[in-house]
Amino acid sequence: MFCEQCEQTASGNGCHQWGACGKSPEVNAVQDLLVYCLRGLAPVTIKARELGISCHEADVFTGETLFATMTNVNFERKRFNVYIRQCIHIREGLKNSIEKISKKPISWSEVSNYQPNFSESLAEQGREKDLTFISQSTNNVDIFSLKLTVLYGIKGTASYTFHAQELGQEDEKVYAFIQEALASLDRNDLSLEDWVNIALKVGEINLRAMELLDQGHTTTYGHPTPTKVPLNPKQGKGILVSGHDIKQLAALLQQTVNKGLMVYTHGELLPAHGYPILKEKYPHFYGHYGTAWQNQTKDFAHFPGAIIVTTNCLMPPHETYEDKLFTIGPVGYSGINYLSSDDKGVPDYSLAIETSLKMAGFTTDEAPRHVMVGFAHNTVLNVSEQVIEAVKKGEIRHFFLVGGCDGAKPGRTYYTEFVEKVPKDCIVLTLACGKFRFFDKQLGEIGNLPRLMDVGQCNDAYSAIKIALGLAEAFQVSVNDLPLSMILSWYEQKAVAVLLTLLYLGIKDIRLGPTLPAFITPNVLRFLSETYNLQPITTPDQDLVACLA
């Protein structure tokens, strides 16, 4: 087994016996075989595009299946077997279309002609392809490092592309680049500089993917507005939705109208409460339950209703709640209820709804607690004049973007302590599940501006970027000259994509933790440090002094 795509890799050197995420070596190998098959599909789509043949089915399929191979998304080996069959079927169909149009015979590469042996172990075939990929790439470990960076980055981009496509937002340029990046992984003629440029291109395309997703969310559900979200359960029956997929949350809300259920969010669906159309249309869209993904074994066990996981992060479920757990879309786990989608991409949630209605629900009202969400780019930039005036008056000294992924490894208390120690004349912007280290802290206000502003989900890094660019334009300086520091945490491949976007934009002085990626070699890290001053976190006190100097 070889996997080092997430932050919690064993001893910081990659997982070689069993995934720290709970992924078995067999699932890892079948996932890698799927990626190999996608690498073979990619050159076929590139040729099809040249000939004007539609690749939409292949593009959407690639987005979903790359998403499924991300950390804590899908552990179901049989689903990957099906994906591999579908991949080969789509590839051969495109080949047939190409051959009907092409004026000369096409000579396909080995990877594009590969045929898995479905009567033999796919896991073993995946291991063989892993070894070949590693052996062909390790003549230059720095190039191999950047190849992995590109692969993990496009996995993150694919997840945002998948969600945007669900909401009707697509861009041929995004699809085409994902295929080009996959095809490039089998090229051995590219230099280190070429791979740096491809990695930065991932960042550029990921920015567009996040923009599409932002457009999908805001045109469908309205621009987020500051909203008070209850954290205290309410007496009555409920159903819990975890993950990131706001379209699926909206579908569940529609299917639970007049059912006598309160709908609670979990994890990164907290920011969904800021979308005005959801709050206005669905009065049973009540509150938020629990904290970050790594606490789900406790949160899910205690929740007295059904739980639907729409995306990552899914942990191997505990027997205390596996019967009331449901997965959808690219998410899966062996033995757990899976709700398949109709031709519009929406599951029938009846089984989950019936499960919740049979359960006791919350028997009492808990003491009121709440947090605020909804400070996305539209909200913040609408008060930019007020912000600028406060900066000029010295009321606001500095902005900190403290966000990213949360995780279970030690060292993440750094982010809690950092935010607690931020001076009272500074604003903290946050996003993604890293916020759960401090999301309920009462930091007060500067004037009528809250000192802690929740920008949204991990994909709402786009919102944070728009805020930074908007403030830079207003102050007539570059983003790097703003009184702004980025203190980021990472865990999985979406964070890799977002980091590449920030580097593509030329943003410097980012502090990253709690540990640096295992797939980044010392030479690549040196390049990032020298070019962008990317640096690891140290201690909250030391980093605060440096940021405010």
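Positions of Cβ are set from backbone N, Cα and C atoms, glycine also.
Going by Swiss-Prot, these are the annotated features:
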type	residues	note
BINDING	Cys3, Cys6, Cys15, Cys21	[4Fe-4S] cluster binding site
BINDING	His244, Glu268, Cys313, Cys405, Cys433, Cys458, Glu492, Lys494	hybrid [4Fe-2O-2S] cluster binding site
MOD_RES	Cys405	cysteine persulfide
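Location within the structure of each feature annotated in Swiss-Prot.
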{"residue": "Cys3", "record": "[4Fe-4S] cluster binding site", "Cβ contacts under 8 Å, 6 or more apart": "Thr9, Gly14, Cys15, Gly19, Lys23, Asn28"}
{"residue": "Cys6", "record": "[4Fe-4S] cluster binding site", "Cβ contacts under 8 Å, 6 or more apart": "Ala20, Cys21, Thr71, Tyr491, Glu492, Gln493"}
{"residue": "His244", "record": "hybrid [4Fe-2O-2S] cluster binding site", "Cβ contacts under 8 Å, 6 or more apart": "His163, Gly267, Glu268, Leu269, Thr310, Thr311, Asn312, Gln457, Cys458, Asn459"}
{"residue": "Cys313", "record": "hybrid [4Fe-2O-2S] cluster binding site", "Cβ contacts under 8 Å, 6 or more apart": "Thr71, Asn72, Val73, Gly267, Trp293, Gln294, Gln296, Cys433, Tyr491, Glu492"}
{"residue": "Cys405", "record": "hybrid [4Fe-2O-2S] cluster binding site", "Cβ contacts under 8 Å, 6 or more apart": "Glu7, Ala432, Cys433, Gly434, Cys458, Ser489, Trp490, Tyr491, Glu492, Lys494, Ala495"}
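By neighbour count, meaning other C-beta atoms within 10 Å, the densest spot among the binding-site residues Glu268, Glu492 is Glu268.
Neighbour counts of Cβ atoms within 10 Å were compared across the binding-site residues Cys15, Cys21, Cys433, Cys458; the minimum falls on Cys15. Its own atom aside, the Cβ of Lys494 (hybrid [4Fe-2O-2S] cluster binding site) has 32 Cβ atoms within 10 angstroms in the protein chains shown. Reduced to three states, the DSSP call for Cys3 ([4Fe-4S] cluster binding site) is strand.
Other residues of the same chain near the hybrid [4Fe-2O-2S] cluster site, with their Cβ within 8 Å of the Cβ centroid of His244, Glu268, Cys313, Cys405, Cys433, Cys458, Glu492, Lys494, are Gly267, Trp293, Asn312, Ala432, Gln457, Tyr491, Ala495.
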